[in-house]
Amino acid sequence: MPIKIPAHLPAYDILTREGVMVMSEDQAARQDIRPLRIGLLNLMPKKIQTETQFARLIGATPLQIELSLIRMTEHQTKTTASEHMEEFYRPFQEVRDEKFDGLIITGAPIEHLEFSDVTYWDELGEVFAWTQSNVHSTFGVCWGGMAMINHFHGIRKHMLDHKAFGCFRHRNLDPASPYLRGFSDDFVIPVSRWTEVKQAEVDAVPELVTLLGSDEVGPCLISDPGHRALYIFNHFEYDSDTLKQEYDRDVEGGTAINVPINYYPDDDPSRKPLNRWRSHAHLLYGNWISEIYETTPYDMARIGLESTDLRG
C-alpha cells in the first residue's frame, strides 16, 4: 500500500520518480481501509528535504500511510516559503485534539542552546505530554530524541569537543527487538551532531533499553516502552549527499569542519559518497510501522488508552 500525501507536495513527484508508491487524497478516499495516521513534527530548516526523507522511508511499507505535516504554533520558519507552510502544515494547537498512530519529531540545528532557551520549548513540552494520550508510538530523532529523553527522564545532552561527523560503525545490541528485525550485527549510520547522550546515564534508568550503539559515538537507538517511544540520535533518514551538503556548506562559509569520517571513498571529498545505510534505514522505519500496525487500536478513539497486539 502507498503513502497518502497531497499531490502538490514536492515529495509527491520526487518519490513517484523513485518508484515509491504514493497516492493522492482523492485516490485514498476510494479505498475502504483505515490507513495508519502518522504525524511529522518537522523542526528542521530544510522542510521539503526532511519531509521527503521521512516520507520515503515510511512510504515503503506494504501498509497505507496517511502523513500529516505539523509545525510549532508560534515559530516562524525563515528558510521555507510561507506558501508551502500554509498549504501543507498545520500548527500543533490545531491538531492537539486529534489522535495519531505514530509521530516523528525531527531534529533541529539548535543543539548549542540549553533546552530551556529554545523559543518553543514550552509548547514542545506540551507536545511530549500530548503524545501520552493522543499518539500510540512516538519516534524522536537526533535533537528531537535528546529533547524527549530529557523531558521524560531528565537525561542531559552533553557538548562534544568536536563534531561527530561521518558514517560510524554501530552494533546491534538487542537482536530480539521487533524494531531490529533483519538487522546485521554491525553497520554504519550517518552522524552529524555536536552533542551526545552518555550511556551511563541511560543505563541508570531501568526502563530504558539501548538497541543500537557505537564505541565511537555512544548510544544511538533507545527504546522507552513506558512512554511508547523510540529515541534515535543519528540519521538513518539522510540522503546519500546530505553529509556532503553539510560539509560543502561549512567549507564555503569558512567554518572549521573535518572531512566526514568513513563517508567519501578514501576520505576524498572530490569523490562521490556511497550510501551504505539505506537498507537498514528501511528496515528500522518499516519495523516501526509494522509494530504500530500490530499494536495500535483499530478504533482511534482508544489510542492512548490501550494497546491491541494482533500477535496475541
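The backbone N, Cα and C atoms fix where each Cβ goes, and this holds for glycine too.
Feature annotation from Swiss-Prot assigns site 'Important for acyl-CoA specificity' to GLU111; the stated evidence is sequence analysis. As annotated by Swiss-Prot, active site, acyl-thioester intermediate applies to CYS142. What Swiss-Prot records for SER192 is site 'Important for substrate specificity'. The feature active site, proton acceptor is assigned by Swiss-Prot to HIS235. The active site feature in Swiss-Prot is assigned to GLU237; the stated evidence is sequence analysis.
Listed in sequence order, TRP143, MET146, LYS157, ARG193, TRP194, THR195 are the same-chain residues at least 6 apart in sequence whose CB falls under 8 Å from the CB of GLU111 (site 'Important for acyl-CoA specificity'). Sequence-distant neighbours of the residue listed as 'active site' (same chain, 6+ residues apart, CB-CB distance under 8 A): THR50, GLN53, PHE54, ARG56, LEU57, VAL141, ALA281, TYR285. Within the same chain, the residues at least 6 positions away from SER192 (site 'Important for substrate specificity') whose Cβ sits under 8 Å from its Cβ are LYS163, ALA164, PHE165, HIS235, TYR238, THR242, LEU243, GLU246, PRO260, listed in sequence order. Other Cβ atoms within 10 Å of the Cβ of HIS235 (active site, proton acceptor) number 21 in total over all chains.
Remark: CYS142 (active site, acyl-thioester intermediate) has THR106, GLY107, ARG193, ILE232, PHE233, ASN234, HIS235 as non-local neighbours, by Cβ distance under 8 Å and separation of at least 6 in sequence.
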